[in-house]
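According to TrEMBL:
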- 23-288: domain 'NADH:quinone oxidoreductase/Mrp antiporter transmembrane' (DOMAIN)
- 56-76: transmembrane segment (TRANSMEM)
- 96-115: transmembrane segment (TRANSMEM)
- 152-171: transmembrane segment (TRANSMEM)
- 202-219: transmembrane segment (TRANSMEM)
- 239-257: transmembrane segment (TRANSMEM)
- 277-304: transmembrane segment (TRANSMEM)
- 290-343: domain 'NADH dehydrogenase subunit 2 C-terminal' (DOMAIN)
- 325-345: transmembrane segment (TRANSMEM)
Amino acid sequence: MNPQAKLVFTTSLLLGTTITISSNHWILAWTGLEINTLAILPLISKSHHPRAVEAATKYFLVQAAASALLLFSSMTNAWYTGQWDITQLTHPTSCLILTSAIAIKLGLVPFHFWFPEVLQGSPLTTGLLLSTAMKFPPITLLFMTSQSLNSALLTTMAILSAALGGWMGLNQTQTRKILAFSSISHLGWMAIIITYSPKLALLNFYLYTLMTAAVFLTMDSMKVLKLSTLMTSWTKSPALSTTLLLTLLSLAGLPPLTGFLPKWLIIQELTKQEMPLMATAISLLSLLSLFFYLRLAYCWTITLPPHTTNHMKRWHTHKPVNTQIAILTTLSIMLLPISPIILTIM
């Protein structure tokens, strides 16, 4: 892609995100979301492969439907209350439609079907944007309207997301699809807590972004798209493979890694809200995700390729260490000891 075009699209993404997260008026927030959608489409379809074009088309149709629902929700609320302010969403029908619209934008179950397909058709760097940056504006809207949302609906969608995200990721062989189902599962943890402790949901999103960025960038540096290629990566870069093993376990939420912090705090908050059953259910469902993270880690670090491999032998490459990956991986593994400071800031 032309560097100037890439700069325009990246700037538009930043602009759209900034407009949405800083606006108080529904029309401005909607405008920011539309700018984001239009800016990411060329980045999805830049390879001109039929699967990439299909992914861009699916993404456009789904996001257009979600934006229309969001606009309809805000107009309904304005019609009944005379308020266009985002924090003044009080009409019950508007709250219900808004929850559905943002669930479609995020890819929460039962509106999750588009996300794995779109991620599979996108390059890894665009996949990283779709999994992290593109979810930030809808999460911000959920944060601002959290007092008005329907807790029962969000809790149901959260439990279903954690269940299906883990279950459907079990038999995948494509790394991008595995990370898509991982994202759906993590969104379940954010959705279940957003009405009770919005700041905790945002903390979960920030830490999830850190860990996912580390995994995506590592995969991009090794050009890994499926598990069979993954098995040959140990010979190429043992040190990077070892740190990625820890990052994947952190994504799974194992102590004493960073990923354990949000899960621990969410379970604690759910128990305070007298929802021990939900806390138990979502904790048990996260074991499904743990299985496919362990499968990824096993393929990446423990499996050696057979002599009859169909892939070219990957020799050691003496590339300089990627600073971004080093910083992100360190943060993804070692933030748990400073959790008291993080909680003080919150």
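Every residue gets a Cβ built from N, Cα and C, even glycine.
Contact between the transmembrane segment (239-257) and the transmembrane segment (56-76) is absent: fewer than three CB pairs lie under 8 Å, with pairs separated by 6 or more positions in sequence. Panel annotation: around the transmembrane segment (202-219), residues 124-125, 127-128, 131-132, 135-136, 139, 143, 175, 179, 182-183, 186, 189-190, 193, 225, 240, 243-244, 247-248, 250-251, 258-259, 261-262, 265-266, 322, 324-325, 328-329, 331-332, 335, 342, 346 of the same chain, lying at least six beyond its termini, place a Cβ under 8 Å from a Cβ of the stretch.
Remote same-chain residues near the transmembrane segment (277-304) are listed as 155, 158-159, 162-163, 165-167, 169-170, 172, 175, 178, 181-182, 185, 188-189, 192, 227, 230-231, 233-235, 241-242, 244-245, 248-249, 251-254, 263, 266-267, 270-271 (criterion: CB distance under 8 Å, separation of at least six residues from the stretch ends). For the transmembrane segment (325-345), the list of distant contacts is 203, 207, 210-211, 213-214, 217-218, 221, 240, 243-244, 246-247, 250-251, 255-261, 265: same-chain residues at least six beyond its ends, Cβ to Cβ under 8 Å.
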